[in-house]
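Now, the feature entries from TrEMBL:
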TRANSMEM  326-344  transmembrane segment
TRANSMEM  353-378  transmembrane segment
TRANSMEM  410-431  transmembrane segment
REGION    525-559  region 'Disordered'
COMPBIAS  526-542  compositional bias 'Acidic residues'
COMPBIAS  547-559  compositional bias 'Polar residues'
DOMAIN    606-648  domain 'RING-type'
Amino acid sequence: MWLKLFFLLLYFLVLFVLARFFEAIVWYETGIFATQLVDPVALSFRKLKTILECRGLGYSGLPEKKDVRELVEKSGDLMEGELYSALKEEEASESVSSTNFSGEMHFYELVEDTKDGIWLVQVIANDRSPLVGKIHWEKMVKKVSRFGIRTGTFNCSSDPRYCRRRGWVRSTLIMSVPQTSTSKGKVMLKEYSGHKIEVEHIFKWITAHAASRIKTIYNADHLKEEWNKSDQYWVKIYLFANLDQPPAFFSALSIKFTGRVEFIFVNVENWDNKSYITDIGVYNMPSYILRTPEGIYRYGNHTGEFISLQAMDSFLRSLQPEVNDLFVLSLVLVNLMAWMDLFITQGATIKRFVVLISTLGTYNSLLIISWLPVLGFLQLPYLDSFYEYSLKLLRYSNTTTLASWVRADWIFYSSHPALFLGTYLGHGLLIDYFEKKRRRSNADEVNANNLEWLSSLWDWYTSCLFHPIASLQHFPVDSDWDEDPDLFLERLAFPDLWLHPLIPTDYIKSLPMWRFTCLGARSEEDLSEGSQDTENDSDGEGADSGSPEQGTLEGAQSNHPGGACAGACEACGTSPRAPGAEDSQPEDAQPDWGAWPAAVLRSTECVVCLENFERGCLLAGLPCGHAFHQGCILMWLAGGRHCCPVCRWPSYKKKPPRAPRPPAPHSAPA
């Protein structure tokens, strides 16, 4: 996860540097920057009208270029970046979609239940033609969609009862706007009552109703009272301009940020005394002034702060975000980080996409689960101070020059999605290249084809299907009994009711193996000679059988850990002894415990075949510490019984290390 986060931050840094590189190229070729002001006098009449349409100002009664230019100057300064965006938006011939309502519930869900937007709906009565023709309606849709106004068509033939209840007996236009100034308030529907069915007149009617929701100040006393008033709004934005009504983008933003930001329009067109405006720090007209508890911020003095809907919307969202804005931002970042897995994962193509789908599901699930307690905490009343301090920190950080660059880059890349996706793909391919170089040592993983990986995936799936507890373990697992509840569940289950798990047998190669030896072991010739001497001197030895040394030897053998094998000569591979000599086993018949691994328990018998260990036989130990004949335990494990025959501890799991035991004392060979 941290690796993907690092690559994502590196990608954002690449985007930032690339944007500065593009600015340098434009400056080198044209000698201008995006923040450079444009003189409206040097623009053509078509470009001036394009700027007015993007700002939402009507120019139908202004036939002269001089009047149009003055209206552009009254609405705000024009920058090269805004002019480029406006011309690019005009050249785009994309048709904006309009909603067709199917009935009352569809209309209520989208229009009447939407509390933070404007809807323009054309109602077509039964057996009537629409009020606005198809061509004019398409122009209308394209014009109002620039300001976030959604459009739709309601045909009364789909639900005539609802139209009769509403009183829609003739074709008309309906506009829905929020009724109150609180967030998520009631919505009121307004019907168009004009006689001129033209795009400009209808648009003027829409902007007039939207501007009526903005508080308007016409004199200095009212401005002084409003400027010094403290109310529920922490953030206020003032527009000082010589206009009859605010631009349409300003009115649309006031509805979009209802309950978060208060929009105030100060009409200084007929003011005689403007001294108070100078006292509060406003020297130029028009001016967009943002007032916060931290101070005054002049919008338009930094990079990307254009007089447009998109630029001011991103600016206000960064200062006063909603919880939904933060959730969408976190969702985008998490999915961008998850898609890095497509390039970090090496191997077969199908493996990459399977890992990608798994990562997307995991990350999005964790994101939604983590947001649930956050939403619950935000509802608590004693967290209001924390919320206010968080917003204060956002306002401090997002009014810096670096934040303005980030917002400008966001607007640039969002308007050029192909460039954004292309740079992301190129960044991912570079990550894939360096990951291949880094993992060159593991050639099997990098060069695995789709069939090999699907085969391994099928093995894992069948193991998970037949024996889910054992198949989900990673081998080997360093866990204790108390830290592994799955082991306890396996011990409680009936073994015959479970199918054998498909456990990899690679762990068998790492089991400890050694040969069983004895202390002071002799060759076969010495052992046969010793046997003959024993037969010849049997009478003499029998006379001394009750000597004190004999009792001492028996006691030492009984106390020695290997005393269990001292009574049987097979323990050390010696030939059978004569009757009456079994109590005189020589001291060199003891097993050599020094050759045993430290973690293996001492024993002289294999519980699988129930035979004693013979000198020179090959032994093998399990993680639990029990030892067996190598052939016996391998046959046991190959039969699917992956556990110890003695204690049933899983043979693929390591056991916690025991305290080291002191070495067993043994006497030197005679």
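Keep in mind that glycine also has a Cβ here, set from the backbone N, Cα and C atoms.
Here the transmembrane segment (410-431) has long-range neighbours at 7, 10-11, 14-15, 18-19, 85, 88, 304, 310-311, 314, 336, 339-340, 342-344, meaning same-chain residues at least 6 beyond its ends whose C-beta is under 8 angstroms from one of its own. Residues 1, 3-5, 7-8, 11, 352-353, 355-356, 359-360, 363-364, 367, 371, 424, 428-429, 431-432, 435 of the same chain lie 6+ residues outside the transmembrane segment (326-344) yet bring a C-beta within less than 8 angstroms of a C-beta in it. Residue counts for the domain 'RING-type' (606-648) by DSSP state, with H, G and I taken as helix and E and B as strand, are 9 helix, 11 strand, 23 coil.
Over the domain 'RING-type' (606-648) the predicted model carries a mean pLDDT of 88.
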